């Protein structure tokens, strides 16, 4: 049952094949067995079982709340959850229990979803590997998959077996791992520069970033207010659409959400792609892009072309400036947002009482890791009076140019853009940590950051396994607020490639299989 999609398990609940309590218990059991993945910071077992019991009562009375009633979900630990610790994977917020739910969390709970727990991340979502949090790194479930292990039999094992595993990507790595390891059917992430799509690609799941303003940010502890978007991680595109349908819409607590009412998100089956125009940005053919990812990208374009779609090369000329522009804007907003953590109102406070200034400094030194402190310093430098015009204002102007590049491409008749999500498959942990956080983020989010600066919707879809037996994802980018059309195209593509199910037998101590699906689906995009 845990290997099924959200839509399938929802149907099973409605048909009485399994009860919400039984499903919740299965997920809790699996969370305990896969604890070493470190996907969860907090497991809300009592809360989940109570919610499952309430869902079961509704089903018995024939009063189901809908497709999410009784469905186990997980939430990234930078969303506020009433009565449940919310840490942002930082010592600064260890022990902090919010008095309210984030709007997106409340909407899911109102639909009967069962909250399994809060997932791990890079501290305050600043990273692309989920390796820099105060509670330790997240391990990619694919590190223990049959597909990857069989490929590695030909290679010698590393000296340190404890570190012989793959990163999940970040910063929503815990949410991606939770979905990939079958411990929940959907998870919330946040996406500031690719933080949902990056781990989705590395963990072989669907990662969706909605248009900026379509989904409320209220209760999402901010990293970069002008780019942050709640993200959705699921095992199928259809499931992401179901969750999006529950979350989209105006929120009076978030002035950036759209005022117009949102129509229901129902993904009808797309049978004809011959009228579509697919854009391939030539600037995304980066020198660092692995040959395998390049090959899958090319084959995906050929797939659309073979079905009659028009595939054309397009130009986003300011792409090369996006990394520097993003860094300036991101750190500037980080410096502003992190100022609230001063040891007075909430969160960690040091024992120094010599002066208020000394208490501030010591609290922030103890509460933040090197990555967060580094971004605060950089941001404050860019915001200095003598630097403001040369850095922050110029970066804002470049951001407008980047956004206009997308507008021009879509106005030329392109329906969606097809790009890689990441440069390569998931990296081994020991290899990944050789680079500093800033370098890693600049490399790993090269294809995703511009989307956030332009406020567009984007989705990463797993397409095939690499020669190492690891997931490779491709990204679709759509027009602003054309999220439904984007997901419809992604769903068609997903159906064509038939990405294989993770075989996680070796993940279990007793050797049993998590997935009920024994045979792998055929993969269309072969080498």
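Glycine residues also receive a Cβ, built from the backbone N, Cα and C atoms like all the rest.
Feature annotations, reproduced from TrEMBL:
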DOMAIN    25-145  domain 'Amidase'
ACT_SITE  76  active site, charge relay system
DOMAIN    167-487  domain 'Amidase'
ACT_SITE  171  active site, charge relay system
ACT_SITE  195  active site, acyl-ester intermediate
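With respect to their backbone Cα atoms, residue 76 (active site, charge relay system) and residue 195 (active site, acyl-ester intermediate) stand 11 Å from each other. The Cβ of residue 171 (active site, charge relay system) has 121, 122, 125, 126, 127, 128, 130, 189, 190, 192, 195, 199 as same-chain neighbours under 8 Å, each 6 or more residues away in sequence. Look at the domain 'Amidase' (25-145): DSSP puts its residues at 43 helix, 19 strand, 59 coil.
Residue 76 (active site, charge relay system) counts 33 other C-beta atoms within 10 Å of its own C-beta, drawing on all protein chains shown.
Cβ neighbour count for the residue listed as 'active site, acyl-ester intermediate': 37 (other Cβ atoms within 10 Å of its Cβ, all protein chains included).
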